[in-house]
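I have placed the structure first, in the form of structure tokens, so that the comments after it can refer back to it.
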Amino acid sequence: MLYKGDTLYLNWLEDGIAELVFDAPGSVNKLDTATVASLGQALDVLEKQPELKGMLLRSNKAAFIVGADITEFLSLFLVPEEQLSQWLHFANSVFNRLEDLPVPTISAVNGYALGGGCECVLATDYRLATPDLRIGLPETRLGIMPGFGGSVRMPRMLGADSAMEIIAAGKDVGAEQAQKIGLVDGVVKPEKLVEGALAILRQAINGDLDWKAKRQPKLEPLKLSKIEATMSFTIAKGMVMQTAGKHYPAPITAVKTIEAAARLGRDEALKLENQSFVPLAHTNEARALVGIFLNDQFVKGKARQLTKNVETPKHAAVLGAGIMGGGIAYQSAWKGVPVVMKDISEKSLTLGMTEAAKLLNKQLERGKIDGLKLAGVISTIQPVLEYSGFDRVDVVVEAVVENPKVKKAVLAETEDKVRPETVLASNTSTIPISELASVLKRPENFCGMHFFNPVHRMPLVEVIRGEKTSDETIAKVVAWASKMGKTPIVVNDCPGFFVNRVLFPYFAGFSQLLRDGADFRKIDKVMEKQFGWPMGPAYLLDVVGIDTAHHAQAVMAAGFPQRMQKDYRDAIDALFDANRFGQKNGLGFWRYKENSKGKPKKEEDAVVDGLLADVSQPKRDFTDDEIIARMMIPMINEVVRCLEEGIIASPAEADMALVYGLGFPPFHGGAFRWLDTLGSARYLDMAQQYQHLGPLYEVPEGLRNKARHNEPYYPAVEPARPVGELKTA
């Protein structure tokens, strides 16, 4: 053994060939700050070996290196810029030393090589991979850019276009694509990986492969003519601005850095990467996006913990076909849980099966599946008009019309048709679960399971605990949702649960703005372009359905009369009375026509102004800041109330439910992250300017207490120790 650290070791393999093996104590290798320092120490030893002829880099885990340790990021981002820059310089000096070894080097890469893991293997001369490889640089999705030389080495290896496509989008690619673009030199079976890597290394040592020529382009400026460079970077910048937009500075910064470094050698180019990385790491966007990653891990970890002692349902059933039922049935079958889909109408069953078939056909068209797989999945969805097959299902989700009487009747009838241990769930979006449970003999086996439309795209499933719901029931439904590839978040029961409860105060803020003379077009524009929502409130209401929103608004008003009962006729009422139900019938706030792809495209419709004039004061202009404040304060206040009342368990779960269920702009990180970034004291000052607008604008007492001490909702993060000192670690 030449060197042994906590996460890697260095050993002789055979005659003059050393192996450097990443082998962290946990289940995966991460390139954390300690591992980077340890890599430097291993290289100290390696550089002193006079008999060294070659070096093989590999991993002892199922994945090579999953990336940097993102749990370190928030504390690293708080380190002063100069110190962070120093540490990056130190880290890059380690990778440069790996690249500059006076012998040929190869990485034997299995599984994931992401972020720092990818940057590490880019520093070796050759890369041999297994078929399960996923390699790439996802940093821009975390609000930063590659910091260990990825933006320097990858363009010089692959060419600017291929590298920018991976770096700007935060992409990873599989083995076949990686070999095609030159990111790896070959792909072999896992059992042949080390043997194959050694064979390449021996050829390089013997002079059959020119490893110095392979290394040289990574040390030199990018080989691009002036015209090629102009075209390449102009197109890339245009595309990045179009897709990422102004709210995500990392992708455009990465492209501009690659452009600026194109005519420089490696060491000067790395200085530019350093200069670009450090300011990005100090942005609110980076903190928010890293926060989302960490929250996602927290939520998924909680789901794993909840389900560790229960068996995942093997057979499921859906009550109510149609678009939603068909979507749930498809998702369950697609992920390997056969499903019985029941409806009382042949027409609805056909609609549900058509929806499932349509989604499978899309997978077929994209080349994700073949005809055999399509037939196999569709055959596991059994459409029935009666209860045949219900005696063998483990879980049933009801997705019939949003009417308490209908739902109660269907649930009570179904309870008599299933085994005593079968779990029942309702896909209601607003009706309290404890109310629906009142007709059941086994309320402990019942909970809410709120999917979001379209089911196959929306990651969130709210799992709602009723008054009498057992822990085992919650665990089984969470297990099924996880098996379906969803992110389940457990919430306690109340009208609207969490997501709809906080959405309708937002819609109420919108209605009040319209009442006071604001133009819905401007509101949509401000909330989309300035705040960053994927859809403005008018557009979102049209997509949800004005009739659906009108009904849900009444349910929410009955549930929270003090705040959500209104004493005026609003825009939703006016459109509902005029039979303008949104996208579903082509007329809402906007008019909809099908585009060439058969998707609804919104257009302006002057008729709506006349309808809104009846429920609005004369038109007046509001500033962007006023619109954002009046829209967001009711939502934020309600989110805080939900935390204070125990409807949602933590700020992390609240933020993930908003991002995954409503499309809350990820660069804000969610409601609590946005609140912490703004500062509770500043938020209180802003909200108090609008408290005359009514109870929705009154800040909850718990938030007032936080504001008095300017406390955050997320635990305070301490800056990492002066990371420049890691040079001597």
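Backbone N, Cα and C define each Cβ position, glycine as well.
Look at Swiss-Prot and you will find H450 tagged as active site, for 3-hydroxyacyl-CoA dehydrogenase activity, backed by sequence analysis. Cβ environment of H450 (active site, for 3-hydroxyacyl-CoA dehydrogenase activity): N427, T428, S429, V461, E462, V463, I464, F497, V499 lie under 8 Å away, each six or more residues apart in the same chain. In the three-state DSSP reading, H450 (active site, for 3-hydroxyacyl-CoA dehydrogenase activity) counts as strand.
According to Swiss-Prot, the feature substrate binding site maps to D296, N500, Y660, an assignment based on sequence analysis. Reduced to three states, the DSSP call for N500 (substrate binding site) is helix. If you draw a 10 Å sphere around the CB of N500 (substrate binding site), it holds 22 other CB atoms from the protein chains shown.
Confidence for the region 'Enoyl-CoA hydratase/isomerase' (1-189), expressed as mean pLDDT, is 96. Under the heading region 'Enoyl-CoA hydratase/isomerase', Swiss-Prot lists 1-189, citing sequence analysis as support.
Among the features that Swiss-Prot reports, site 'Important for catalytic activity' is placed at E119 (among others). Remark: E119 (site 'Important for catalytic activity') has F95, L137, P146, F148, G149, G150, R153 as non-local neighbours, by Cβ distance under 8 Å and separation of at least 6 in sequence.
Applying an 8 A CB threshold to same-chain residues 6+ apart, the list for E139 (site 'Important for catalytic activity') reads G115, M145, P146, G147, G150, I167, G170, A250, A254. The annotation site 'Important for catalytic activity' is assigned in Swiss-Prot to E139 (among others) on the grounds of sequence analysis.
For the binding-site residues D296, Y660, the ranking by surrounding Cβ atoms (within 10 Å, all protein chains) places Y660 first.
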